[in-house]
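Structure record follows, encoded as structure tokens.
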Number of protein chains: 2
Amino acid sequence: MDQPDLAAVTHQHVAFDDGMALDCGMALGRLVVAYRTYGTLNASRSNAVLVCHALTGDQYVAETHPVTGKGGWWDMVVGPGLPVDTDRYFVICANVLGGCMGSTGPRSPRDGAAPGVLWGTDFPPVTIRDMVRAQKRLIDHLGIARLFAVIGGSMGGMQVLEWAASYPESVFAAVPVATAAYHSAQNIAFNEVGRQSLFADPDWRGGRYWESGSVPARGLAVARMVAHITYLSEQALTRKFGRRVRGGAAAGDLALFGDMFEVESYLRHQGSTFVRRFDANSYLTITRATDYFDLAAEHDGNLSAAFAGTRTRFCIISFSSDWLYPTAESRAVARALNRAAANVSFVEIASDKGHDAFLLDEPDFHRTLAGFLAGCAEHAGLPE
Amino acid sequence: MDQPDLAAVTHQHVAFDDGMALDCGMALGRLVVAYRTYGTLNASRSNAVLVCHALTGDQYVAETHPVTGKGGWWDMVVGPGLPVDTDRYFVICANVLGGCMGSTGPRSPRDGAAPGVLWGTDFPPVTIRDMVRAQKRLIDHLGIARLFAVIGGSMGGMQVLEWAASYPESVFAAVPVATAAYHSAQNIAFNEVGRQSLFADPDWRGGRYWESGSVPARGLAVARMVAHITYLSEQALTRKFGRRVRGGAAAGDLALFGDMFEVESYLRHQGSTFVRRFDANSYLTITRATDYFDLAAEHDGNLSAAFAGTRTRFCIISFSSDWLYPTAESRAVARALNRAAANVSFVEIASDKGHDAFLLDEPDFHRTLAGFLAGCAEHAGLPE
């Protein structure tokens, strides 16, 4: 398996040797937060924007990725003159706790163990709230008392909601995109298929694959394939692939296991490229964190209570063809915010691109984001 | 793996020693069609109803299953006094070509090979039209010139459409339920995930698992899990499971790999029980047949042409929350039939149970089916 040694790549980071307590009751003895920044922090430290990444994203938002060599995952959104304008804002993005791009996670040295022993599957379960706590440590370290904005899509949006709920005084504006305040049974079910697929791979070796230098590539690829289907709408799949077959194969060629339909070839490619850049134990840890997420449950079942008295300005954005986190779930968040008398806008972007729309060229989305931030900057008295 | 020896179970069947030609250009030297019947064929042989089963169904429609010991898969629909009334109709159901309940398939002896050698992955690829051809042989064998009705849901509905297109004079009434005239890119994508999951299982052994008495149980279970999610609506999953956790585990127990959410436990159960009754090579053969299905493509891209001049009476039934074969795809079939000036009713049943609704207690569906058949019986001059 041609996965580069992910642990050998160095990432900009900060280490907290006093560690961090976790929701599960355990504590990490040492906490590392890997991050990237773009733009310049102004003198009053008032122009910081935290971008929160999704399940398989990372801190390389707007630059070449050190492992894949590809462009940043949000380089259409973050950069000079773009909706999150790095000529104006100081943009920060941290690899989530549990991730595999430098922040503490299953590939990190295990607390109190001999050198070379990693956490692996013994890494403690983490929650979205734990991820946000780790980010708060970074923000404190950077000397930023209040973030001008916290922005993120999908699992990044869960972090945005958790930031607003946990640190309301530290968030001037919040933009949760294509997300929900809890994971539904269907969301959990799809994640569980991915996990079982990983466990079924003999190279999984009970989660200790790293000891033998192996990678549960086939199981992780299947997990990615099923997840990827949920990121796209049926319309997008039909438009991109329809029933087209690949290469010389004609519709009459009934080759049972050949690369027949283009959509199959595409999914296999998605699976195999993912395996090269992601750690299987991180995939388990992070999917589990999304399954646990239920912001109302953290507030006695009352989602409005999570936002009681908030002064944060919210812009909630959903996409009409997103069936993973449907508009109805964004609307439920907007209603809860309305009940809490919060300042909230809610925009459903018409798009047939499915959940992935937040990562794609969607001018209406980009205009909405730019406009909301500009309005907030005016209210915040941020210099142009 | 505690899979019973599926080949050791005997099934009522008919063997055609002249074999059958297949769409792929190959031919089977011997064709076995396993089937069950319910009710009595009348003297004029005019009361026969063919029920076509779905992907993982079989001929045991309305009686105890010989492998699982469970009731028939449609015993709410087929039986005395039920919508498909066995006091009035003679009901036939055949295991599909490529299946594993007695009809010729990957577990059958390979043509021209030594005794004990099975087809396995070398079984020729089959199409829905091949399945219907095999059923036609059975119907001819039973001396039935015209079926009063052909009924089926999901892949069974594809067979219904193919029957009406291939043998219009042999089908008085056709009821395709929760189906489509072709497999969409999304349908193919989900099937492909299941196949890749099977291939990733070391017990798959290149499809020759039967030689060593092993079963690719984990891969097949994951395939079943992902398919099962597509059979249910998000609402049904939420109603049945929501975010409830199992046993003594509380929401605060963040056990990473425990049986935490009920929906996970349910899916694992679905996966493991399926493995006990189904053959992996059959799963590949049959999912591939559904992917190939494109009735319009068989008629130069014109779905109406498939039904030109038809005198069959159609009742097309869809379910509002079915996202695997959405109502829009049934509507497209109804439109094509309208363009062919066919006699067609189209009913969308309001249900939140998803694709599986056709197998469940849905009184509106059952009433629609019973009413349509009663009306057709009158037109056909069938004695009460």
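Sequential numbering from 1, following the chain as shown.
Glycine too: its Cβ is placed from the backbone N, Cα and C atoms.
Pulled from TrEMBL, these are the features on record:
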- B:Ser154: active site, nucleophile (ACT_SITE)
- B:Asp322: active site (ACT_SITE)
- B:His355: active site (ACT_SITE)
- B:Arg224, B:Asp356: substrate binding site (BINDING)
- B:47-360: domain 'AB hydrolase-1' (DOMAIN)
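Overlay of TrEMBL annotations on the structure.
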{"residue": "B:Ser154", "record": "active site, nucleophile", "Cβ within 10 Å": "27"}
{"residue": "B:Arg224", "record": "substrate binding site", "Cβ within 10 Å": "22"}
{"residue": "B:Asp322", "record": "active site", "Cβ within 10 Å": "29"}
{"residue": "B:His355", "record": "active site", "Cβ within 10 Å": "25"}
{"residue": "B:Asp356", "record": "substrate binding site", "Cβ within 10 Å": "23"}
Tell me whether B:Asp356 (substrate binding site) sits in a helix, a strand or coil according to DSSP.
helix
For B:His355 (active site), identify the closest of the recorded positions B:Ser154, B:Arg224, B:Asp322, judging by Cα separation.
B:Asp322
B:Ser154 (active site, nucleophile) to B:Arg224 (substrate binding site), Cα to Cα, whole Å, comes out at 16
Cα-to-Cα gap, B:Asp356 (substrate binding site) vs B:Asp322 (active site), nearest whole Å
8
Measuring Cα to Cα, tell me the gap between B:Asp322 (active site) and B:Arg224 (substrate binding site) in whole angstrom.
18
